[in-house]
């Protein structure tokens, strides 16, 4: 498997080099995430300090709890997963080290996250110094793509820290008397901006994760054993379209494409040589005793009656002409006109060719059963085109050829009939259409092996068959991710400003609107997973519905109707935002220019987000990836 398998190999349809893939897929995004994480964590800590200094301990403790919440949830998730614990059950040294290691990460989570980011940056730079398909390049890419629990913390940070932190700080900023302390306002704005960037980064990364997961992508916080097992199972149970076409090519039944013809011609050339070769050939089974000379063959050579009249070059010569020809035998070419035909030859070469043909015909086994029509030495080559007296036996492939084709089409009709019955008739008896005998033989009850009827050889056409396939999604290239990232930044800006501003004026109606949206998302999730998921994961579905209050992710559940989900969700959110905007702008009591600015910002960000989504869907969305499910994995 390629080390960069799953990484986009092109940008805007143009193929890129492997170093460009590493830079645009690993190095640049990791550096950006590292910078955003550093600024966000620092700004949130400064906001907490400013709240305590300004005499607002409740806001300070609430902000501090939001900083620790993702790390605490990540610790609980890791400890409660049995696959992450050591294999030996009980309290031993390895168990103690595992628990101590995760407690240290819980306490010093910023350092653990920084170590994870810097480790990926180091191996990304290291991969650039190695050649393609080299051992160093493969090892470096493997280190970059290693899974880690810190990735789970980074995912939870977007929805357990960044999202509520934005809502809190925006509400504090929009209250009366907020702008008295310039330092507090500055760090709050920085925290809000980088919270937007954190959420947009996570949403862009995991936007269509479930569709990408079914064709090879793994959770970045899975254990190495789970990742290896998942990839091996996927490679064993599925095959790509290219490999399926190579393994299941349908041979043609046209005569010119018959696979027997190349074998016949190969055997002919191996025995008698080819017209274009000079000297001896390496693939020849019978080596000629002398250098070959090519005799030009015309249509007249295949006419037995006419060819006999032209085999003797002296047939129409007078004695004087023969003497004249014998004197000029070595001087050049002789051209004669006989019965309106032109014959051009060198006498000595022609006589040597006839002698060689005579020697060849006498030494060939197939010519021993043939009788010559004349004793004339110049008529010996006529036997080369003569019909053998003994009829040649028919080739095995020619026996029953028509019946063989009829048998093939009979199998095709039976196959189509079986497929129709399987599709239309419910509750068929088990084993009714079982053709699982790989050797083409069936075993009777007495243990005797019965030969199968109508064995199909290699010349038969392969019948069409229905194959189960899974359709996933490739990962986006750098340009697609950039446009999608900008779209989600604008969408989150519109959503958060709408909710925060509406809460300032109408807190009760705010909670009613959020509760109704939350219940609607739970209903949609239950409806979506009723066929292919179990409802025993309802605790996670409650958290997923909370995520859907701010954005939409195909995460942990795969959307059956993807377009309806995205069109419906964006339409509902736009409708809610417009309703909240109209209500607070017309019924709210405010005098500050700040609210007029927020009014225009919500409208512009909503229009830009919709334009980015439409542009991405029309031109930049990732292609579908089709995998065939192997029948016998």
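Residue 1 is the first one shown; counting continues down the chain.
Heads up, the Cβ atoms here are built off N, Cα and C, so glycines get one too.
Lifted from TrEMBL, the feature list:
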TRANSMEM  22-47  transmembrane segment
TRANSMEM  59-80  transmembrane segment
TRANSMEM  95-115  transmembrane segment
TRANSMEM  152-173  transmembrane segment
TRANSMEM  185-206  transmembrane segment
TRANSMEM  482-502  transmembrane segment
TRANSMEM  508-527  transmembrane segment
TRANSMEM  539-560  transmembrane segment
TRANSMEM  566-587  transmembrane segment
TRANSMEM  594-619  transmembrane segment
CB contact flag for the transmembrane segment (185-206) and the transmembrane segment (95-115), at least three pairs under 8 A: no
Of 95-115, 152-173, 482-502, 508-527, whichever stretch has the most CB pairs under 8 A to the transmembrane segment (59-80): 152-173
Recorded stretch that, among 152-173, 482-502, 508-527, has the most CB pairs under 8 Å to the transmembrane segment (22-47): 152-173
